[in-house]
Amino acid sequence: MTDQADTSERKPKAAGKTLSLKRTVESGHVRQNFSHGRSKSVVVEKKKKRTLKTSADAAPAAAPAAAPAAAEEVAKKPVAAPEVKPAAPVEERPAPVAKAAPEVKAVPAPAPAAAPAVEKKPSRSRSGVVLRTLTEEEKNARAQALDSAREREGEDRRRAEEEARRFAEEDARREAERAAAAARAAEEASRHTADQSTRTRAAEEAKRRLDDDRPAATPAAARPAKEQAIEEDDDKPKRGAGHTPAKAPPARRSEERRRGKLTITKAFDDESERQRSLASMRRRVERERKKHMGIQEAPQKIIREVVIPEVITIQELANRMAERAVDVMKILMKQGIMLKITDVIDSDTAQLVAEELGHTVKRVAESDVEEGLVGEADIEEAKQARAPVVTVMGHVDHGKTSLLDALRKTDVAAGEAGGITQHIGAYQVNLSSGERITFLDTPGHAAFTSMRARGAKVTDIVVLVVAADDGVMPQTIEAINHAKAAGVPMIVAINKMDKPEADPTRVKNELLQHEVVVEDFGGDVLTVPISAKTGMGLDKLEETILLQAELLDIRANPDRAAEGIIVEAKLDRGRGPVGTVLVQRGTLKVGDIIVAGAEWGRVRALINDRGENVESAGPSVPVEVLGLGGAPEAGDVISVVESEGRAREVTAYRQRLQRDKRVGTGGRTSLDQMLSQLKEQDKKELPIVVKADVQGSAEAIVQALEKLGTDEVTARVLHVGVGGVTESDVTLATASRAPIIGFNVRANTQARDAARQAGVEIRYYSVIYDLVDDIKAAMSGMLSPELRETFLGNAEILEIFNISKTGKVAGCRVTEGVVRRGSHVRLIRDDVVIHEGKLSTLKRFKDEVKEVQSGQECGMAFEGYQDMRKGDVIECFDVEVVQRSLA
């Protein structure tokens with residue numbers, strides 16, 4: 001291969017060409033010749049480094065003349081300084097120029113050499129004339145300028161020294177940190193080396209022990225000649241291999257497990273490989289030793305915690321235990337239960353099977369899905385003051401509706417917004433003082449009692465409206481009973497005070513007859529005279545409500561998941577299911593997933609009582625909620641859940657309960673069943689609703705029932721009225737789980753249908769003595785029964801026998817009295833009662849007998865107890881339950 005360079009670029013250029021910089025790249029063409037007649041032309045460029053030369057390097061002889069010229073070019077004004085008498089101002093003026101161009105300071109500029117250059121220019125001579133003609137003021141000004149320049153130079157010098165000192169400190173600190181890091185790295189390296197040596201020694205020791213445990217090698221003479229020849233061939237070095245050592249096996253490419261603290265040295269150390277721990281080596285040696293010795297370890301059984309619901313199939317139980325379904329069926333067969341793999345067993349049987357297989361059991365019920373639905377009680381520090389919730393109750397003709405309308409007119413926010421646009425059953429009134437009051441409209445008191453029946457306390461204060469000209473009416477008394485049953489404070493608003501026949505004193509006296517003691521008579525019930533027609537006393541009523549709320553200290557936590565109650569619900573044609581919600585605590589927001597009774601949904605919109613869309617609603621704020629799957633019932637508690645799956649689970653359980661209740665408990669609840677429920681709940685009060693034909697009979701019945709009460713049980717009359725049994729009476733009885741007693745009265749059709757649907761029992765009487773006897777019997781059933789023991793006999797244990805199916809059986813001799821099967825027994829050891837239970841087996845000569853007389857021998861076994869010893873005494877007795885009754 002030959003190279004041919006083109007040097008045409010190196011020829012001298014024409015003289016008439018424009019001047020330019022000298023090129024630093026020389027290019028040429030080279031042709032490369034290859035075999036088989038192939039060639040290739042290549043462009044070759046040669047780059048030269050351009051060096052910049054100063055005038056001093058180019059012409060050394062002209063250096064003395066160039067230096068004064070440079071000094072004159074950079075600092076022309078300082079050169080004229082010798083010609084001026086005031087030397088100080090002229091010397092100080094070029095100070096900034098000298099600072100900006102430090103090169104001038106390095107080049108000497110003597111005055112004799114610079115003076116002739118300045119004298120050649122006439123402008124310098126004129127400048128000297130100007131300086132000689134300066135006035136005193138100008139001289140002083142220049143002197144001050146020079147002084148300030150000197151001060152600035154001093155400050156700059158001090159600042160530079162401070163910067164230099166700080167930089168020196170930083171350098172020293174960084175040097176110290178580097179030294180400390182180096183020391184730590186050295187320490188880590190030494191520790192790593194020590195750990196490596198320890199692991200190496202442990203591995204060598206383990207290998208030595210493993211070699212010692214292996215069986216001795218077979219002698220060469222005993223092995224076949226072929227195997228020996230093969231080994232000899234293996235021992236000979238391969239051709240061309242020489243004495244090259246054997247190639248090490250490839251290292252494991254897995255990452256090293258980090259031990260201890262990660263340091264910079266460890267992070268950048270790629271040579272270190274993951275090493276086996278000492279415990280791992282020991283486990284490996286132990287496994288190999290057992291393998292050589294032929295020891296086989298049985299697989300260890302895994303004990304699991306099995307969650308068992310109320311009912312479960314055999315297949316599901318086996319899956320949860322990770323066992324075979326056949327094994328589960330075998331255990332059931334041993335117990336005499338023949339079932340298929342798809343059959344359902346109860347939780348008790350499933351627990352026995354799981355415990356038989358060695359697993360632990362966790363019993364759960366369907367009602368567990370509601371656990372955690374209602375949040376825990378809030379701490380006092382998180383609670384904030386909220387608006388009171390007020391329910392207005394009273395007779396329909398006493399101005400309750402007029403009072404509600406008048407209170408709406410006092411709402412300043414409603415006046416600004418143009419009035420309330422719709423009525424949703426609950427609304428807020430914004431007072432001029434900035435306070436807020438939430439009013440709950442409960443026509444007919446139906447929603448009020450249904451809320452109380454579900455255990456929800458929504459109302460904080462009850463405002464009882466009584467007409468001053470009409471006094472206390474039957475529905476007023478019913479409203480009083482509702483307020484007492486709810487256990488909330490009451491404020492009496494005496495309405496229609498603008499009429500001339502108004503008599504507030506009469507109203508107060510009539511209230512006193514129904515155990516409502518007003519403040520004027522020494523009680524704690526506040527009274528406010530008002531007039532809904534003229535607006536008189538409304539401000540006083542609002543102040544009284546706020547005062548009562550302040551005494552109650554009504555507070556709630558707004559910073560949590562919302563909880564509230566459904567005031568009313570309806571199915572709107574355009575918007576779907578709509579529920580009016582009164583938030584009790586927390587904040588309800590758009591997008592929350594809520595559960596209300598047996599319905600759930602995601603909040604699509606919140607509408608306040610003025611028809612405005614809002615993003616959230618805090619405590620005591622009533623809003624309409626859109627987005628529920630169906631219309632809930634009034635009084636249902638609303639809760640916010642974390643997911644749709646949880647909401648579906650809760651609502652499915654509640655819907656199943658409602659369906660089972662409709663199917664299974666369609667009949668009426670009897671008085672005996674209701675009393676048994678009351679006993680189970682440890683209630684010592686018997687609630688009753690009494691309706692009579694005349695007021696005298698009603699008062700006589702109430703007095704007779706009050707005399708039946710004792711220290712343990714008493715009759716609580718919720719409501720006494722004159723006239724037939726109405727639907728409102730049934731509603732009150734449903735909420736309180738009370739029977740209705742009718743004396744010479746009957747229930748109308750609506751009340752009978754409501755009682756049949758709600759399961760309320762209505763009893764009719766015409767003789768007061770029969771009524772009192774039945775109530776006395778019902779109250780006697782609420783008393784706890786008396787237990788009386790009757791001694792039967794004693795037996796001494798002579799011997800203990802172990803029976804495969806039964807367990808331990810005690811061979812006894814009856815020493816006193818008689819022993820009966822199924823009676824209660826006590827096991828006495830050293831005159832101390834060890835166990836108390838029942839006899840499960842009583843045998844005589846392998847035959848089951850009912851009783852064994854004194855002096856005879858028999859076999860006994862206890863229910864669920866096996867710790868019996870020779871010499872123990874068995875005491876047999878009967879327990880008699882004696883029902884107590886009122887005297």
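Glycine is no exception: its Cβ is also placed from the backbone N, Cα and C atoms.
Per Swiss-Prot, the listed range annotated as region 'G3' is 441-444 (candidates: 433-436, 441-444, 869-872). Between the stretches 383-386, 495-498, 855-858, 863-866, Swiss-Prot puts its region 'G4' entry on 495-498. DSSP gives Lys400 (GTP binding site) a helix state. Taken residue by residue with DSSP, Met497 (GTP binding site) is part of neither helix nor strand, so it is coil. Listed in sequence order, Lys400, Leu464, Val465, Val466, Gln475, Thr476, Ala479, Ala493 are the same-chain residues six or more apart from Gly394 (GTP binding site) with CB atoms under 8 A from its CB. The average pLDDT computed over the region 'G4' (495-498) stands at 87. In the three-state DSSP classification, Gly394 (GTP binding site) falls within a strand. Neighbour list (Met497 (GTP binding site), Cβ cut-off 8 Å, at least 6 residues apart, same chain): Ala468, Pro504, Pro529, Ile530, Ser531, Met536, Gly537. With respect to Cβ neighbours within 10 Å, the binding-site residues Asp397, Lys400 differ, and Asp397 shows the lowest count.
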